[in-house]
Structures are given as structure tokens and as C-alpha cells.
Amino acid sequence: LAEATLAGGCCPGASRNRFAYNEAGQVRIRAGLPIYECNSRCRCGAECPNRVVQRGIRYDLCIFRTGDGRGWGVRTLQRIRKNSFVMEYVGEIITSEEAERRGQVYDRQGATYLFDLDYVEDVYTVDAAHYGNISHFVNHSCDPNLQVYNVFIENLDQRLPRIALFATRPIRAGEELTFDYNMHVDPVDAESTRMDSNFGLVGGSLGGSPRARGRIECKCGAASCRKFLF
């Protein structure tokens, strides 16, 4: 497990990718590259350094009502280290066709819970409206403190990555957690290029983003705010 090699070795090497974590469990590869964690077929135990996302949420988080018209939000009750795993975006996996149908209903409600799984192709979508976890309540920001990564564990179908959110910087206790609903990644190599896809009105997303069809005003308040979510 010291280092996965392209010739084989642990799960990342067998998938011809780099080992994603350092000894403290912090992600060390750039956004745009996939993460391959160990799974039930591996001989390693639960404390294997290549088992991070599958252990679930390790920080104390809470839901709160925002005071600026953004509805509910999520804040951390503990300090979070940079590059640490925070939560997984969880929901019901549906086809893109079903997502289009549900999206029309959600549009009328002003909701955004559909997250496209478009790592290689736009076939499936995660819908967190009815089934999910605390990620359902995480708000958008144009200057977010969470970054999306695509993770593969038990399932190696590239159409079905798991969506993991890692801290982009140290996050203070009491700070709201946010991610960019319309993330972009520079196409610096073949892997990161595969993470881009077009949706909505504003170009590409990093391994998917909550699906939207209308021009939605952004209320994140960041200095770099784009004024619209999509």
C-alpha cells in the first residue's frame, strides 16, 4: 500500500490511477482525477489508508436556517483540515430521462436536488429530494470551501461514481459548508477532460452538478459571485 504503481499494486494502481490520500487521509490528487478506494474484495482492514469516503462522515455537522433567503444550510461544529473528506452527496440513483421529468416538477418548486453523474457520460442522476443525507441541505457558493471528487469503491462502472465532497481549505468551527453547483476543471489531461460535460445554460461541470434549467439568481454573497447559479 506504500504507493500504487501503474503495473498493478493496490486498487488505484490496478485501475491505472494514483493513490489518492496521504497518511492522514487527506486527498492529495487534484480535482478532476478519480479516486479508487479499496473494497470488499481486498484483504486490507477497515483502517486501511485507502478507505476514507466509505467510512462516512467523521465531523459533527448541523443544519441551520440561513438569514439571507437561502433556506436551510449546513455548518460544521468542528474545525476541518484542508483536503479532508467531509461528506458524500447521497440520494436516489435515477436515469437521466426520469431526472428530466422530475426536474420539471422541482423547477416549479424552486428546488435543486438533481446531481448529474456525468464522469464519462450523462446516463444517471442522483436525486436527493426524497432520499439522502445532510448533503441535501448544503448551499451553493461561487467561492466554496468544498470540492467535488468522483469516487469508485464497490462499483467500478464509470457511469456510476460516488460523489464525495472534500475541504478546499481549513474550515473553522461554526462556518457554513458550501460547494459550487457549477464547478469547472481545467482540461489539463485526458482524465480531467473526461470530467467536463455541458448542462443548463453555463457550460461544463466537474463530475456533475445539481441540474437546473432556469436562470437562478445567486445569493451566496461571495466577492467573486457570478450573480447567477446557472
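Numbers here mean position along the shown chain, with the first residue as 1.
Placed from the backbone N, Cα and C atoms, the Cβ positions cover glycine too.
Curation plays no part in TrEMBL annotations; they are all automatic predictions.
What you see is a predicted model, and the numbers here were worked out from it, not measured in a lab.
TrEMBL lists C10 with the feature Zn(2+) 1 binding site. Other Cβ atoms within 10 Å of the Cβ of C10 (Zn(2+) 1 binding site), summed over all protein chains shown, number 21.
Here TrEMBL flags C11, C38, C42 as Zn(2+) 2 binding site. Residue density at C38 (Zn(2+) 2 binding site): 21 other Cβ atoms are found within 10 A of its Cβ, drawing on all protein chains shown.
Marked as Zn(2+) 3 binding site by TrEMBL: C38, C44, C48.
According to TrEMBL, the S-adenosyl-L-methionine binding site annotation covers R70, G71, W72, N139, H140, Y181, K219. Proximity of W72 (S-adenosyl-L-methionine binding site) to non-local residues of its own chain (separation of 6 or more, Cβ distance below 8 Å) is seen for I63, F64, R65, T66, F137, given in sequence order.
Sequence-distant contacts of C142 (Zn(2+) 4 binding site), defined by Cβ-Cβ distance under 8 angstroms and a gap of at least six in the same chain, are D180, C218, C220, A222, S224, C225, R226. As annotated by TrEMBL, Zn(2+) 4 binding site applies to C142, C218, C220, C225.
In the domain 'Pre-SET' (6-56), helix, strand and coil residues by DSSP number 7 helix, 5 strand, 39 coil. Per TrEMBL, the feature domain 'Pre-SET' maps to 6-56.
Residues or ranges marked as domain 'SET' in TrEMBL: 59-182.
Through the fold, the domain 'Post-SET' (214-230) approaches residues 68-70, 107, 112, 139-143, 178, 181-182, 200-202 of its own chain, all at least 6 residues removed from its boundaries and within a Cβ separation under 8 Å. The domain 'Post-SET' annotation in TrEMBL covers 214-230.
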Additional residues surrounding S-adenosyl-L-methionine, by Cβ distance to the R70, G71, W72, N139, H140, Y181, K219 centre under 8 Å: T66, G73, T178, C220
Other CB atoms within 10 A, centred on C42 (Zn(2+) 2 binding site): 14
Non-site residues, in chain order, whose CB comes within 8 A of the mean position of the CB atoms of C142, C218, C220, C225 at Zn(2+) 4: H140, S141, D143, K219, G221, A222, S224, R226, K227, L229
